[in-house]
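TrEMBL lists 1-15 with the feature signal peptide. Per TrEMBL, the feature domain 'Glycosyl hydrolases family 45 active site' maps to 20-31. According to TrEMBL, the feature active site, nucleophile maps to Asp25.
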Amino acid sequence: MLVFVFTLFLASVFGESGRTTRYWDCCKGSCGWEAKADVSKPIDTCAKDGTTRVASNDTVKSGCDGGEGYMCYDQTPRAVNDSYAIGFAAAAISGGEKAACCQCYELTFTSGPVNGKKMTVQVTNTGGDLGSNQFDLAIPGGGVGIYNGCTAQSGAPADGWGSRYGGVSSRSECSQLPSGLQAGCQWRFDWFQNADNPSINFNVVSCPGELIANTNCRRN
């Protein structure tokens with residue numbers, strides 16, 4: 001336990017380097033299950049409409065596994081100003097889900113058109129295909145990847161909107177998504193300047209209230 005706490009301390013003070021990708025698979029986040037981490041409660045899971053919170057979200061089955069649990073439409077990125085944004089991500093970091101679920105990280109982009117910009121994300125998911133220190137940003141229309149719950153939830157094509165990996169290729173294609181997801185999709189082409197998997201430096205930070213309000217999950 002002391003080693004884990006010391007590792008978190010080092011990450012919060014000195015930061016680490018990593019990389020980003022993007023996804024939106026509509027599946028219930030892995031941090032939506034009980035006992036993944038020492039948190040107030042699992043992240044909110046939504047019904048098929050993307051807005052109604054599922055009452056017993058710790059037990060409801062994922063829409064990607066034939067159930068009724070999906071990603072919530074308000075767990076999407078948004079700009080705070082020209083150089084700072086907030087949002088959500090799946091992540092693979094040291095300590096796994098126990099360390100990551102509902103933790104917030106400040107990402108400082110170090111490559112591409114967003115070089116120097118910052119983004120605070122709350123971790124809501126993990127990914128079996130993620131490498132070490134990889135943050136998979138939750139961006140609507142960003143590609144479903146391995147799993148596709150968007151067809152069941154919203155009638156998306158078999159490979160999701162756009163390419164299965166990478167998603168839509170232009171801002172205009174965001175109009176294909178449900179209205180509740182279009183702003184998050186457009187964010188990628190506006191604030192994020194359609195950056196393609198930029199590298200980052202990251203460190204642990206306190207979660208902004210705006211993010212906690214959308215997941216109702218905080219670290220204990």
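Heads up, the Cβ atoms here are built off N, Cα and C, so glycines get one too.
Of all the Cβ atoms in the protein chains shown, 28 others lie within 10 Å of the Cβ of Asp25 (active site, nucleophile). The predicted model assigns the domain 'Glycosyl hydrolases family 45 active site' (20-31) a mean pLDDT of 97.
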